[in-house]
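Asks: Here it is: the structure, laid out below.
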Ligand code: ADP
Ligand code: 5GP
């Protein structure tokens, strides 16, 4: 791939976006994953600057006011946003950048970067999604309930995306995503 491109990966919490991305980035280290800012508390094992930049609401609001975010949204009681500068730098350097976003942020990117490739990851069923959220074992019951509620609205928006991929078998889903990203 010789041209920097923006790729947006969206799908309900617990569908496997993080798992897919870890594998994809291991195979394709030339692709840059944007690290978001969030006001959510770190989950066990999450690292500052690697998984997220963990900031206070006040810091986040300052980033918004100063135009430092390419997009942002509120999700399950917390703010999430994409730091603008790092993404612009990578695109200028002709590197492809992946943004992992919820649906509102994905819509903003469609407006500002109409050429971005937008992929939606679906669970095989909502029951399986709930199983994965619980199986991950890192969110409270209240956080799981908010995520499941939001997942129904998110799944209803799947047709807004360039491609919807079902993450039933992990390897198959990764292959489909690789094809979408690297074959054109
Ligand atoms: P997300 O980043 O979308 O919130 P995660 O990557 O954290 O989701 O995955 C949620 C849980 O589902 C994890 O425990 C992960 O191991 C599991 N998982 C991911 N993909 C699959 C799959 N294809 N089949 C079964 N479990 C999966
Ligand atoms: P989690 O708390 O599970 O890490 O993320 C919750 C949701 O926020 C997920 O759907 C994730 O894709 C989304 N998200 C993470 N970073 C950003 C961001 O920078 N902007 C937007 N709009 N959503 C994000």
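From the backbone N, Cα and C atoms, a Cβ is placed for every residue, glycine too.
According to TrEMBL, the protein has these features:
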BINDING   11, 12, 13, 14, 15, 16, 17, 18  ATP binding site
DOMAIN    4-182  domain 'Guanylate kinase-like'
Asks: Out of the binding-site residues I have (11, 13, 14, 15, 16, 18), which ones have their Cβ sitting under 6 Å from ligand 2?
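Replies: Cβ under 6 Å from ligand 2: 13.
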Asks: Can you list which of these binding-site residues (12, 14, 18) have a Cβ closer than 6 Å to ligand 1?
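Replies: Correct list: 14, 18.
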Asks: For the domain 'Guanylate kinase-like' (4-182), report the average pLDDT of the model, please.
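Replies: Result for the domain 'Guanylate kinase-like' (4-182): average pLDDT 96.
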Asks: Go through 11, 16, our binding-site residues, and report the one whose Cβ sees the most other Cβ atoms within 10 Å.
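Replies: For the binding-site residues 11, 16, the Cβ with the most other Cβ atoms within 10 Å is 11.
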Asks: Give the sequence-ordered set of same-chain residues, not counting 11, 12, 13, 14, 15, 16, 17, 18, with Cβ within 8 Å of the centre of the Cβ atoms defining the ATP site.
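Replies: Sorted by sequence, the hits are 121, 123, 129, 132, 167.
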Asks: Under DSSP, is residue 17 (ATP binding site) helix, strand or coil?
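Replies: Note: residue 17 (ATP binding site) is helical by DSSP.
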Asks: Given the binding-site residues 12, 14, 18, and counting only Cβ atoms in the protein chains shown, which has the most within 10 Å of its Cβ?
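Replies: Highest number of other Cβ atoms within 10 Å: 12.
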Asks: Including all protein chains displayed, how many Cβ atoms other than that of residue 17 (ATP binding site) lie within 10 Å of its Cβ?
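Replies: Result for residue 17 (ATP binding site): 19 other Cβ atoms within 10 Å.
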Asks: Within the chain of residue 13 (ATP binding site), which residues six or more apart in sequence place their C-beta under 8 angstroms from its C-beta?
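Replies: The answer is 76, 133, 147, 150, 151.
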Asks: Around the C-beta of residue 15 (ATP binding site), how many further C-beta atoms are within 10 angstroms, looking at every protein chain?
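Replies: I get 26 for this one.
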